[in-house]
């Protein structure tokens, strides 16, 4: 499939920004990131795809007044929510709107000089890696911003656990459509581990996260699930124009096929989370 377009991703998350924090999954994932990353007092942290600041502000609480945290996101809508929180709480986090795929022209140095090369103890990037057009190139760029011994924590969704995404991905070729991001390279934990190694980092661990959220869908809910999915920004391209009716029919048929005799599909929100270090 074609690589994701940064402007498309920005538009999707601008649309999602006001309701993003209402999903408990996002909060659970942020908490898991802090457990995996374990930011230390005084650490310099860069939170990429920071969104509304769920990981960012938790990291700030861990590094304390002697550390600092920088957040970067492509969506101005998400950053507006984050900045409102920062103003309300007196946070010292600095936020930047920028494409996280390439940070070479962004001044991330707290002192205002240089681009932040080699200055961060920890870089986090939650729920965004598969949205990037070239994840390997992005990780290589991020690695240049880590000091020796600094760590990167990032993730990809576990393969085939999200019911709507799985079904849309499988019916897409028949419709001449695809998801707006490429998750085809994700086969398991080793897919993420291999990417981190190829980027020049040493993998400490890649693990399957706890299940953050479980949803159960019955076969008679397939049509309603389709409507809910295409109403939102992530799968909107399957619900517009002349393709909509055929897409819905194929979605319902595929759902029934996968549900089998039990007539139920289970959607589990869980991730492959990778922790890697720069040596």
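Numbering starts at 1 and runs along the chain as displayed.
Glycine is no exception: its Cβ is also placed from the backbone N, Cα and C atoms.
Lifted from TrEMBL, the feature list:
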type	residues	note
DOMAIN	41-157	domain 'Methyltransferase'
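Note: the domain 'Methyltransferase' (41-157) comprises 36 helix, 33 strand, 48 coil (DSSP; helix = H, G, I, strand = E, B). Note on the domain 'Methyltransferase' (41-157): its mean pLDDT in the predicted model is 93.
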